Amino acid sequence: MKNLVTPASVKGEKLDVSTGKPRKKSKWRTNLSLDLMVMPALILTLIFAYIPMTGLAIAFKNYKPGLGFNASKWVGLDHFEYLFSIPENVQVIWNTLIIAGLKMIAGLIVPFLFALLLNEVRKMAFKKMVQTIVYMPHFLSWVILGGILSDLLARDGGLINQALVSMFGIKPIFFLGDGNWFRFVVVVSDVWKEFGFNTIVFLASLAGINPALYEAAEVDGAGRWQQTRSITMPAMLPITIVVGTLALGNVLNGGFDQIFNLYNALVFDKGDIIDTFVYRLGIVDGKFSFSTAVGLFKSVVSFVLIVSAYRISYKFANYRIF
Amino acid sequence: MYHKTKPYRIFTVFNYILMIAISVLCVIPLIHVLAVSFSGKAAANANLVGLWPIDFTVDAYTKTIANENFTRSIWVTLQRTVLGTVFSMGVVILAAYALSKENARFRRRNLYIWLLVFTMLFSGGLVPMYILMQKLHLMNTLWVLILPGAVSVWNIILLLNFFRAVPKEMEEAAFIDGAGHFRTLFSVYLPVSMPAIATLSLFTIVGHWNSWFDGLLYMTNHRNYPLATFLQTVIVQQDFSKVTVRPEDLENISQRTVKAAQIFIGMAPILIVYPFLQRFFVKGIVLGAVKE
């Protein structure tokens, strides 16, 4: 970007066109209208983001809606102790870690490989068409996909079970009613929905590789596999590290929308994650304080992870979002 | 030339087959739903429908449209989508313009930007939000679907980066001609940023159309459900207790072909705007996310 600023305007002062000297008054006015422009966003943020944060205090209280906030008793860390002392609660944390961890790994490998393979396609029209198709599921909501999946995966007569039974002669699989299969379905369907979209960033980095490198390798007699190993993969390493590190912030994000639209009481033991647990306990059962405590636990851990992830990727790959 | 060698040619053939197979895998579920929705009731219930309708009929669609719960929820969704997108884009554009200025020219910029970005990293969570909405008496109003998500910090950052790429000479010319910040934004920045604004608007529209959880959470009266929430209760939860229906309608909603028709209507608008969306988003995302 060109830098046209004069010394006076560096200090935040606008120059008077006729005299070339800073105009004292207009600097203040200039800033005021900028402040005004940020105000709507700021006010909405204060109301809908910062006020709820103060509401987190009920995690340390025994909040009763009838009593109100002030009259409810302080209980310190009782809710957190309860969270970690009951095996069923700890199981929810484990479920979240397992599902989120598997999603992170699969969600990094599949797009990486797919981008490498798609990069080998030389017919541009074909490449565009594949891209258009694989990006699409990203834009459909989990309500729609949940409806489609539960139809496809139905034990009695679902398209997938029909195919499996006729091909392998096995008994129909209860995909959405068996805990282990449920986890499998959650991870696979998440990859199915997002892998295309997640290749975008890899394809961008592939497009940025200097063609001269390949030409030189060609002259030296390197085959395509050798070129891939020695040029393409090292060139993709930084962005892969960034994507992988940033995904760390999601360690406690099992994917509420997806799980909520696929699960049922049969798979709570292996499929219930923190977010769905908080919803059922807080909103359905009305245990406001305990579920807020669980949510706070998740928010704090995620916050620490995200901030460290950004610091790491800034340090190692010089990545910044703004 | 590696691509003339025999192993690479064999690889290419397999690669093309794999790419086609993956693409097919991405559209088959959608085609199946479409086929079921146009099939006869009996064939669908007997699980005979694969990828092509059997006993073609539009019966499921006429039944869906005749269901007033369905049409009412579409109306709610249209309202929230139009109002929500206009409102949100207004807030985002104003904030992005101001925050695109250099720190030196806008001293409080850093404070504001951190106040906004912090909300991306940390939130009060579900229950405090729910209690707040009750206290503000926003439950069961249209505003509860519009206001909380209106400030999209991510969109502000994307647009802010786009504004920064606009040549400074243009804005300086406007200032010299005596334009203030509002005038400069509307007469200089907006006209040249239309592609970026169109993209973000489309994303916001898709977000509103797909959004279902806020409806489930904040609407205690099912008559206020937006379409996505209605579909969630009827198709996913299969809970008809929240939706008052006449007995003859109940049979219709639970019918498999009608469910498929509802699913298809639910995703049709996304499929329609998708080609426009796709033209922009690759560029937009790369622009905003990977920066030197």
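Cβ coordinates come from backbone N, Cα and C, glycine included.
No curator has checked TrEMBL annotations; they are predicted automatically.
Here TrEMBL flags B:74-277 as domain 'ABC transmembrane type-1'.
With a threshold of 8 Å between CB atoms, the same-chain residues lying at least 6 positions outside the transmembrane segment (B:12-35) that come near it are 3, 49-53, 260, 263-264, 267. TrEMBL lists B:12-35 (among others) with the feature transmembrane segment.
Tertiary neighbourhood of the transmembrane segment (B:81-99): same-chain residues 106, 109, 112-113, 116, 142, 145-147, 149-152, 155-157, 159-160, 162-163, 181, 185, 189-190, 197, 200-201, 204-205, 208-209, selected by CB-CB distance under 8 Å and a gap of 6+ residues from either end. According to TrEMBL, the transmembrane segment annotation covers B:81-99 (among others).
According to TrEMBL, the feature transmembrane segment maps to B:111-131 (among others). Remote same-chain residues near the transmembrane segment (B:111-131) are listed as 95, 98-99, 148, 151, 153-154, 156, 217-218 (criterion: CB distance under 8 Å, separation of at least six residues from the stretch ends).
According to TrEMBL, the feature transmembrane segment maps to B:143-163 (among others).
Taken from TrEMBL, the feature transmembrane segment applies to B:184-209 (among others). Away from its own ends, the transmembrane segment (B:184-209) comes close to residues 77, 80-81, 84-85, 88-89, 92-94, 97, 145, 149, 152, 155, 158-159, 162-163, 166, 170-171, 174-175, 227-228, 269-270, 273, 276-277, 280-281, 284 of its chain (Cβ-Cβ under 8 Å, at least six residues beyond either end).
Below 8 angstroms of C-beta separation, residues 30, 33-34, 36-37, 44, 60-61, 63-64, 70, 198-199, 202-203, 205-206, 209-210, 227-228, 231, 234-235, 253 of the same chain, each at least six residues beyond the ends of the transmembrane segment (B:260-277), sit close to that stretch. The transmembrane segment annotation in TrEMBL covers B:260-277 (among others).
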